[in-house]
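Noted in TrEMBL for the protein shown:
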| type | residues | note |
| --- | --- | --- |
| BINDING | 77, 150, 152, 153, 311 | Mg(2+) binding site |
Ligand SMILES: Nc1ncnc2c1ncn2[C@@H]1O[C@H](COP(=O)(O)O)[C@@H](OP(=O)(O)O)[C@H]1O
Ligand SMILES: [Mg+2]
Ligand SMILES: [Mg+2]
Ligand SMILES: [Mg+2]
């Protein structure tokens, strides 16, 4: 395995995602449950919440990446502008402390890592942590090596005690080569069912926490948060005859993906199973291992929203490597080389490869009926 392409990047990505997932889980226990997020959350200009967890996780991942691949660029969702404001002193202090705790912990040491942490044994200064967060400011593009990072995808799910994911992917010349995703609240075995959101007992279940990892051409795998016992995962193989047994996966947030259009698409495909709703790229992981089959993310309204590359890069590769196709709502491949957003694409559809074209036909018909055939 060690001589396989991208073996080091894969190992480092797993290590980074595991460390960051332990920070976010800790933030949830320490801050979110106690204070209903008051003081631990700021609202960004796009009205989305961002927590101590988002910042600390981005710092941790960027520091791990910087130690191993100092020349790589990072396209991360967050930046430290809010944190640097004088009124954010308390928030800033928490971020620095949590990031340093995660960096000094021994969990999921990268196999290639020196015995001493490459970032040093001493806690990092506030300025170093803030600068690490800001290393995620790269503008993206079609050339060179860059990592796309969503430190907490599904922040709203995270705050409710629902699903969220730490998502990291390596892009080389605009193509996703490695994807890793930490899902701290997802059961390892889907048969055990999703935990009840926000319920302390359900969230303490020992079977929760999976890391998903894929390298282009090497398949998709899952492993527990705290061990390296990997197993391959596969989508459920569907064909024209069995497509009506499929189940859809969709966002909880109706503002992120059109639930109404999805309902019509199910009708057109004779699908009767209710859609499974969950936050974050855990949807990609779920369909990649066959808990659900098709992930629909139809644009809302006029479709002017541009999806962000960090919201899709790792899930895209995971589904491809598990036997699926991921496209936009017209069936075009996702173009990760356009900058920080998927500006050439509208919406996202992920489905097993033998039924993807048929799903796209139904999507087109449903949009046409709504007068949105031009999306
Ligand atoms: N109008 C919109 N349409 C689609 N996605 C949106 C959106 N506004 C925000 N998002 C993105 O939706 C992501 C969550 O996706 P989902 O609904 O599948 O859980 C958010 O990620 P963050 O939680 O990382 O900010 C955010 O980037
Ligand atoms: Mg966000
Ligand atoms: Mg996101
Ligand atoms: Mg996020």
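Glycine residues also receive a Cβ, built from the backbone N, Cα and C atoms like all the rest.
Mapped onto this structure are the features recorded in TrEMBL.
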residue : record              : contacts (Cβ under 8 Å, 6+ apart)
77      : Mg(2+) binding site : 54, 58, 136, 149, 150, 151, 308, 310
152     : Mg(2+) binding site : 24, 51, 53, 54, 57, 158, 164, 165, 166
153     : Mg(2+) binding site : 164, 165, 166, 167, 279, 280, 281, 310, 311
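In this view, residue 311 (Mg(2+) binding site) is surrounded by 24 other Cβ atoms within 10 Å of its Cβ, with every protein chain counted.
In the structure as shown, the Cβ atom of residue 150 (Mg(2+) binding site) sits within 10 Å of 33 other Cβ atoms. Same-chain residues with CB within 8 A of the center of the 77, 150, 152, 153, 311 CB atoms, the Mg(2+) site residues themselves not counted, are 54, 149, 151, 154, 155, 165, 167, 280, 281, 308, 310.
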